[in-house]
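Visitor: Marked as domain 'ATPase F1/V1/A1 complex alpha/beta subunit N-terminal' by TrEMBL: B:25-92. Look at TrEMBL and you will find B:149-364 tagged as domain 'ATPase F1/V1/A1 complex alpha/beta subunit nucleotide-binding'. Feature annotation from TrEMBL assigns ATP binding site to B:GLY169, B:ASP170, B:ARG171, B:LYS172, B:THR173, B:GLY174, B:LYS175, B:THR176. Per TrEMBL, the feature site 'Required for activity' maps to B:SER362. Under the heading domain 'ATP synthase alpha subunit C-terminal', TrEMBL lists B:371-493.
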Amino acid sequence: MSLDKVTVAKRYSKALFELLDSQDQLDASFEELKQLRKVFQDNPQLGTALTDNSLAPAKREALVKPLLDATTGTVHNLIHMVYDYGRMDAMVEIIDQFQALYDTKNATVYADVTSAVALDDSQLDQLKAGYAKRVGAKQVVLSSKVDADIIGGVIIKSEGTIYDGSIKTKINRVRQALLG
Amino acid sequence: MSIKAEEISALIKQQLANYQDEISVEETGTVTYVGDGIARAHGLENALSGELLEFDNGVYGMVQNLESNDVGIVILGDFTKITEGDTVKRTGRIMEVPVGDALIGRVVNSLGQPVDGKGEIKTDKTRPIERKAPGVMERKSVFEPLQTGMKAIDSLVPIGRGQRELIIGDRKTGKTTVAIDTIINQKDQNMICVYVAIGQKESTVRSSVETLRKYGAMDYTIVVTAGPSEPAPLLYIAPYAGAAMGEEFMFNGKHVLIVYDDLSKQADAYRELSLILRRPPGREAYPGDIFYTHSRLLERAAKLSDDLGGGSMTALPIIETKAGDVSAYIPTNVISITDGQIFLDSDSFYSGVRPAIDAGTSVSRVGGDAQVKAMKKVAGTLRLDLASYHELESFAQFGSDLDEATQAKLNRGARTVEVLKQGLHSPLSVSKQVLILYALTHGFLDKIELDDIAKFESGLFDSFDASHADLLKEIDTTGQLPDTDKMDAAVSEFAQTFQPAEAAAKE
């Protein structure tokens, strides 16, 4: 059975992460990887084209060349290896998984905040501090969204967990308690 | 007494200061695949196997597969409104169904929700559907009889309370009828019955329920139904839900009879969802744990020790065979799990022997200890009689010159087969069963024409009800056979006045 992309990506990213960590090049390479991911995300066909055997090898190499030229060191080698093993279509996942490992190391947490009214910067900072304390993170990156449907309060979504402090949910709970 | 406003406001202030808004924290995952009654979700990293999950639209699911990147979920309800990208929440609970007295007389689905249109079920008790079966020290040997009311079963394959007796046979051989008649006979026997219909046509379930209602059996029966139009997971969990409902009564010291009709369809449903969950298929494409699926279910039938109240749960699983093939995978599995089987034969069914029980292949491994003494006495030689009759029957077709002993054996055998026939939904009490078998084994029927046996039987019962009720009562209360002289006298008294049908017609 062929492995799915996530399983493949986890293996490559773990190796990459451990290598970069031992070379102390995590931060520099991460910036490079982010750029690389942007290239793949901007050109969605790129990944499939590079693993497509019906495309002539020469043409494929021509496509990889600019990527190889633009990068150096370990990231350069990574592209080489991933290309040789025909896993270019999993590149975005590899970098995603790498980011997950990178964030765990730096205790960075990403969260989506939904509120009924737009929050100002000081409120967001308060929220960040409170949330960081709660989950034990050093750094919190918030992306906020406004949804009037929740009436009031805040909902924070992060890494498979929902912290729901919205008025809407509370009303629903009261309703359930009364009717149930 | 004066109200001190200051004190009160101080108290309120203190409470307000401590008032903390509770926020709900939920672990969620994202649906990445949905179809055929199952879903896969990313996230949910702490989910437990068997845990209930809630989808966005309020439908519940159960965790079945925990894999490295995602979890496989069976959806217990309508899956058409779940889409890719939906969130799915952990509930932290495992699958439970409502249990208790309020369920008696009701028809419910596998989740314990009523489907008979008689309003909600008022009970606050629930039990998890999966439970480890009682262990060695919690059990006791089976010793009390469970009367099915069928002569052929109570005499040849007696069932004890707490036993697991398989009913097996081809389609249309009366498997369900045996089970339904057994339920009907539990009236006033201090029994609670659970009838689990798995993959049965809704119309069949409807008519079974009507039959039970007509004979007053719904007063002590719970019907759990998972129809063929329900998603496979509901068919799969139905017997476990029924077992949970039965266990509640068993652990309260009551006696329970549970019928699983039928486990071959449950196995098919489990095969379906296992294949969609991409578990490797084994023999006949059933998953590797299909044996465990049935063994852990049937192991929950038990006779509890006195410390635990002495309750019992008797299980009557039903298995449908294809063209009499008992060596297929599921039949052999369940035969080896149960304490015996009642084999229904389609040939005898179509030749008019109903219930079509095959005495040769039907056995009960533990029921003998539970049989009433009187029954044991009169039925002792029955199995041998039948076996030698069937052997001689085929042999005797070749020649007409038979010695007297063989003739007598054939004669007795034909009458035995005739006596063991019984009408639909007409269970008999033990005493009457003993009575007719007594008449048979003591030779009172040897001179009666085969066609007259049924008439003789009903006449004999009427005569005993009218003038020898004390003898019947003695069997019922003591379980012993009354004095043979008295019995002989009473039976021959009736035999002398008996008018065969032909003679009656001539007059």
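Any Cβ shown, glycine's included, is placed from N, Cα and C.
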Visitor: Summarise the model confidence on the domain 'ATP synthase alpha subunit C-terminal' (B:371-493) as a single mean pLDDT, whole number.
Guide: 89
Visitor: Over the span of the domain 'ATPase F1/V1/A1 complex alpha/beta subunit N-terminal' (B:25-92), count residues by DSSP class, listing helix, strand and coil in order.
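Guide: So the domain 'ATPase F1/V1/A1 complex alpha/beta subunit N-terminal' (B:25-92) is made up of 0 helix, 42 strand, 26 coil.
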Visitor: Using all protein chains in view, find how many other C-beta atoms are within 10 Å of the C-beta of B:SER362 (site 'Required for activity').
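Guide: Taking every protein chain into account, the count is 22.
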Visitor: Among the binding-site residues B:ARG171, B:LYS172, B:LYS175, which residue has the largest number of other Cβ atoms within 10 Å of its own Cβ?
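Guide: Answer by Cβ density within 10 Å: B:LYS175.
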Visitor: Including all protein chains displayed, how many Cβ atoms other than that of B:THR173 (ATP binding site) lie within 10 Å of its Cβ?
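Guide: Other Cβ atoms found within 10 Å: 27.
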Visitor: With helix taken as DSSP H, G or I, strand as E or B and everything else coil, how many residues of the domain 'ATP synthase alpha subunit C-terminal' (B:371-493) land in each class?
Guide: 89 helix, 0 strand, 34 coil
Visitor: Determine which residues of this chain, when B:GLY169, B:ASP170, B:ARG171, B:LYS172, B:THR173, B:GLY174, B:LYS175, B:THR176 are set aside, have a Cβ within 8 Å of the centroid of the ATP site's Cβ atoms, and list them as they appear in the sequence.
Guide: B:GLU320, B:LEU344, B:SER346, B:PHE349
Visitor: So if I draw a 10 Å sphere around the Cβ of B:GLY174 (ATP binding site), how many other Cβ atoms end up inside it?
Guide: 19
